[in-house]
Amino acid sequence: MMRKWLYSTNHKDIGTLYFMFGIWAGMVGTSLSLLIRAELGNPGSLIGDDQIYNTIVTAHAFIMIFFMVMPIMIGGFGNWLVPLMLGAPDMAFPRMNNMSFWLLPPSIMLLISSSIVENGAGTGWTVYPPLSSNIAHSGSSVDLAIFSLHLAGISSILGAVNFITTIINMRPNNMSLDQMPLFVWSVGITALLLLLSLPVLAGAITMLLTDRNLNTSFFDPAGGGDPILYQHLFWFFGHPEVYILILPGFGMISHIISQESGKKETFGCLGMIYAMMAIGLLGFVVWAHHMFTVGMDIDTRAYFTSATMIIAVPTGIKIFSWLATLHGTQINYSPSMLWSLGFVFLFTVGGLTGVILANSSIDVTLHDTYYVVAHFHYVLSMGAVFAIMGGFVHWYPLFTGLALNPYLLKIQFFTMFIGVNLTFFPQHFLGLAGMPRRYSDYPDTYTSWNIISSLGSYISLVATMLMLMIIWESLINKRIILFPLNMNSSIEWYQNLPPAEHSYNELPILSNF
């Protein structure tokens, strides 16, 4: 038992560990988000002052990003599916794969420690100085958060190296890059983004660490530094990061839609690959659209506005290719199909509010209001999370060999759908009316929409608990899958369900069709 789970070098076992860790962290993050919505459910103070509130917000963001979405998408689905889809016996560096996982529990422990010592790190997930300096945040909270980020970053970089090596070196002999499954492509591009962006974050937070403890002044104007430098460094990581969070979701949705449509491949397969590459590349040249209010030159703002809008083009290509894949099929509203359709629609809504925010002139007004919160929660809470849910219910029979109850899954989908939309749609109105982010209290004008938003969060909580109940029900009833309804073009379903410990004893042969 100890050898299997602690010292594992098997991509499936490590993937399962990532899933268990991510689901646990997701429940912690959800609990924090409910604390936020409980505080905002009515005017006046509930939990305490803004420092406590902002500590909760900061922890919620870090946990959801670094310990829920990334471990599940890249660690869970990536580890499980990339070797199976490539026909590889395992990942390229199995022991490094194990280390990537085991760096995460210490990392989350450091993050939780940062909340419970001193006053907590109430900086927001961006950790901007001078608020995060040792004057405004004395004590070790921010330092612990920085070390937590270091560990999570090392974990992701090692994982990225592993995926890139696996994808380049462990394909079947005659499989060219354009024949690779879209999910493998999406994980490969994600890994490349991680590899290029995380070192910049590491540099920024290390400089912040020395500013706080070793008396340097990288971000302190009194010593010739500039806090804006930190913002540039952080967002040079932070913007690719949001594409890292969504790209594997794109890959999963492509697979689910083409398989559920009964098509042998996604419409415009090659275009999908180029679109993901374009999104990855453009993701690196638009970072300052997070900084339209710091007083940049007008030409700079014009450039970042237009460059940001260009990202909508490859994203649109993906949306329309998914719709074209669905075209002409008799749609079977299975749970995984419902999640995919929900993803396409709600991700599009989130993308449209993003295009609005890309206008620097409008963003000056909307920056740091709930409009921004609504925008990124539409693409994360209804993009990334819907993709995770869809991928999970789609590949669960492959991972476990068991069936989930489709009737309960549909009830769960509609509960969650109503919950998240009720939570985040009203926040657009709050933002347009000027309600600022990161405050625990607000003028009475904003009360009604906040009550509705908080109500939605309670519905989402019920949906989350329902999902856990469905998984539990499946595990105790053990409805064993007899045969998968797969297309010939998805080779992961040719395994036993669940797959054997060693799935490919010899490399599969690719035939031209």
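All positions are counted from 1 along the displayed chain.
Cβ coordinates are placed from backbone N, Cα and C, and glycine is handled just like the others.
Within the chain carrying the transmembrane segment (16-36), a Cβ under 8 angstroms from the stretch's Cβ atoms is held by residues 5, 8, 47, 53, 56-57, 59-60, 63-64, 67-69, 71-72, 75-76, 79-80, 101, 104-105, 108, 399, 457-458, 460-461, 464, 468, all 6 or more beyond its ends. Annotated transmembrane segment per Swiss-Prot: 16-36 (among others), in sequence order, evidence recorded as sequence analysis.
Note on Glu39 (Ca(2+) binding site): other Cβ atoms within 10 Å of its Cβ, all shown chains, come to 22. The annotation Ca(2+) binding site is assigned in Swiss-Prot to Glu39, Gly44.
Residues or ranges marked as Fe(II)-heme a binding site in Swiss-Prot: His60, His377. Contacts of His377 (Fe(II)-heme a binding site) defined by a Cβ separation under 8 A and a same-chain sequence distance of 6+ are given as Gly350, Val420, Thr423, Phe424, Gln427, in order along the sequence. His377 (Fe(II)-heme a binding site) falls within a helix when secondary structure is assigned with DSSP.
Residues or ranges marked as transmembrane segment in Swiss-Prot (evidence: sequence analysis): 62-82 (among others).
Residues annotated as transmembrane segment in Swiss-Prot: 101-121 (among others). Within the same chain, residues 14, 17-18, 21, 25, 51-52, 55-56, 58-59, 62-63, 66-67, 71, 75, 127, 132, 137-145, 147-149, 151-152, 154-155, 158 sit at least 6 positions outside the transmembrane segment (101-121) and bring their C-beta atoms closer than 8 Å to a C-beta of that stretch.
The transmembrane segment feature in Swiss-Prot is assigned to 144-164 (among others); the stated evidence is sequence analysis.
What Swiss-Prot lists as transmembrane segment is 182-202 (among others).
Annotation source Swiss-Prot lists transmembrane segment at 233-253 (among others).
Within its own chain, His239 (Cu cation binding site) has Gly283, Phe284, Val286, Trp287, His289, His290 as residues 6 or more apart in sequence whose C-beta sits under 8 angstroms from its own. Swiss-Prot lists His239, His289, His290 with the feature Cu cation binding site.
According to DSSP, Tyr243 (O2 binding site) is assigned to a helical segment. Swiss-Prot lists Tyr243 with the feature O2 binding site, giving similarity to another entry as the kind of evidence.
Summarising the annotation, Swiss-Prot assigns transmembrane segment to 267-287 (among others).
Residues of the same chain lying 6 or more positions beyond the ends of the transmembrane segment (304-324) and with a Cβ under 8 Å from any Cβ of it are 250, 253-254, 257, 266-268, 271-272, 274-276, 278-279, 282-283, 285-286, 288-289, 292, 296, 340, 344, 347-348, 351, 354-355, 358-360. Per Swiss-Prot, transmembrane segment is recorded for 304-324 (among others).
Per Swiss-Prot, the feature transmembrane segment maps to 337-357 (among others).
A C-beta separation below 8 Å, combined with a sequence spacing of at least six in one chain, links Asp368 (Mg(2+) binding site) to Thr293, Pro436, Arg437, Arg438. Look at Swiss-Prot and you will find His367, Asp368 tagged as Mg(2+) binding site, backed by similarity to another entry.
The heme a3 binding site annotation in Swiss-Prot covers His375. When Cβ atoms from all protein chains are considered, those within 10 Å of His375 (heme a3 binding site) total 24, not counting its own.
As annotated by Swiss-Prot, transmembrane segment applies to 384-404 (among others), with the evidence given as sequence analysis.
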Candidates Glu39, Gly44, His367, His375 (binding-site residues) - the one closest to Tyr243 (O2 binding site) by CA: His375
Cβ-Cβ under 8 Å with the transmembrane segment (337-357): same-chain residues at least 6 beyond its ends: 246, 249, 253, 256-257, 260, 289, 308-309, 312, 315, 319, 322-323, 331, 363, 366, 371-372, 374-379, 382-383, 386-387, 389-390, 393, 410, 413, 417, 420-421, 428
Within-chain partners of the transmembrane segment (413-433) [C-beta distance under 8 Å, separation at least 6 from its ends]: 37, 335, 338-339, 342, 346, 353, 366, 369-374, 377-378, 381-382, 385, 389, 445-446, 449-450, 452-464, 466-467
Intrachain neighbours beyond the transmembrane segment (144-164), with Cβ under 8 angstroms and 6 or more residues off its ends: 58, 62, 66-67, 70, 74-75, 78, 82, 91-93, 96-97, 99-101, 103-104, 106-108, 110-111, 113-114, 117, 121, 123, 127, 187-188, 190-192, 194-195, 198-199, 201-202, 205-206, 208-209
Local Cβ density at His289 (Cu cation binding site) - other Cβ atoms counted within 10 Å: 22
Criterion met for the transmembrane segment (182-202) and the transmembrane segment (451-471) (at least three Cβ pairs under 8 Å): no
Distance from His60 (Fe(II)-heme a binding site) back to Glu39 (Ca(2+) binding site), taken between C-alpha atoms, in Å: 14
